[in-house]
Amino acid sequence: MKENPCSTCKTGINLCFINLSLLGNIFVVSLAVADLVVAVYPYPLVLISIFNNGWNLGYLHCQISGFLMGLSVIGSIFNITGIAINRYCYICHSLKYDKLYSNKNSLCYVFLIWMLTLVAVMPNLHTGTLQYDPRVYSCTFSQSVSSAYTIAVVVFHFIIPMLIVIFCYLRIWILVLQVRRRVKPDNKPKLKPQDFRNFITMFVVFVLFAICWAPLNFIGLAVASDPVSMVPRIPEWLFVASYYMAYFNSCLNAIIYGLLNQNFREEYRRIIISMCTARMFFVDSSNDVVDRIKCKPSPLVTNNNLMKVDSV
């Protein structure tokens with residue numbers, strides 16, 4: 001019996017969700033959601049603004065777009081921080097990990113991350129810092145509206161989370177070096193190759209995030225220190241390049257997962273094959289239907305032939 005490609009498609013997608021919905025990936029899924037937020041609403045509006053050479057979508061869309069961009073950015077950094085703490089507990093405190101990161105606790109942590117993200121973004125709606133910037137064709141956070149608020153945003157939403165992540169990964173690297181230099185077996189925790197690969201993947205995600213977002217945050221600190229004198233001194237090309245480099249980071253994580261994580265590569269391959277197989281099946285089915293319609297005799301012709309036979 002020939003296997004239905006649609007069943008293969010559904011099976012592949014189901015396997016994808018089963019494999020990727022494991023407890024260890026819940027923070028990665030949350031980070032992916034943060035990356036997708038900007039692709040759903042703000043980015044299409046930016047394209048419309050570029051085509052129209054200006055913003056003509058109104059104040060409400062501007063505020064929503066800027067709010068979602070902030071939600072994506074802060075959600076990303078908070079999720080990256082959560083992932084670093086998770087990896088730190090898993091590798092450096094493995095005996096306590098199962099208790100700290102039970103199913104219920106992990107869901108609560110992710111929920112807490114998004115609640116903190118929402119609380120962090122909400123003040124933008126009341127401070128007037130979400131404005132259209134013609135240099136980047138988008139409604140975004142204006143660094144020159146409030147110096148104190150800009151400094152607070154950079155410190156609490158970038159510098160402090162980065163320091164926490166650096167601490168976690170530094171401790172992990174120290175443990176990795178200790179494990180690799182160890183000759184005699186003992187009772188100390190051992191790092192599995194799969195755990196090490198996952199750690200490397202998330203470490204690369206963090207490094208690229210820091211590289212992409214550091215220039216824009218440092219520009220923000222410079223502007224906040226003296227808005228009147230610093231704004232004219234910052235070249236437009238530097239701000240534009242920093243801005244687009246920062247938001248390009250949302251596109252990088254999926255590529256990193258595919259390059260460095262074998263499980264994600266396998267799931268990408270399964271999804272692509274399933275989609276292609278399903279498409280071929282639907283095309284073949286459509287052709288079969290058309291052929292059957294063409295080959296099926298007309299009821300009128302059939303009735304006429306029957307009448308002629310009866311008359312003879």
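Including glycine, each Cβ sits where the backbone N, Cα and C put it.
Just so you know, TrEMBL annotations never went through curation; they're auto-generated.
As recorded in TrEMBL:
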type	residues	note
TRANSMEM	20-44	transmembrane segment
DOMAIN	25-257	domain 'G-protein coupled receptors family 1 profile'
TRANSMEM	64-85	transmembrane segment
TRANSMEM	106-126	transmembrane segment
TRANSMEM	146-177	transmembrane segment
TRANSMEM	198-225	transmembrane segment
TRANSMEM	237-260	transmembrane segment
Please figure out which one of 20-44, 64-85, 106-126, 146-177 racks up the most CB pairs under 8 Å against the transmembrane segment (198-225).
146-177
Long-range Cβ neighbours of the transmembrane segment (64-85) (under 8 Å; 6 or more residues past either end)
27-28, 30-31, 33-35, 37-38, 40-42, 45-46, 109-110, 113-114, 116-118, 120-121, 124-125, 130-131, 138-141, 157-158, 161-162, 164-165, 168-169, 202, 205-206, 209, 213, 246-247, 249-250
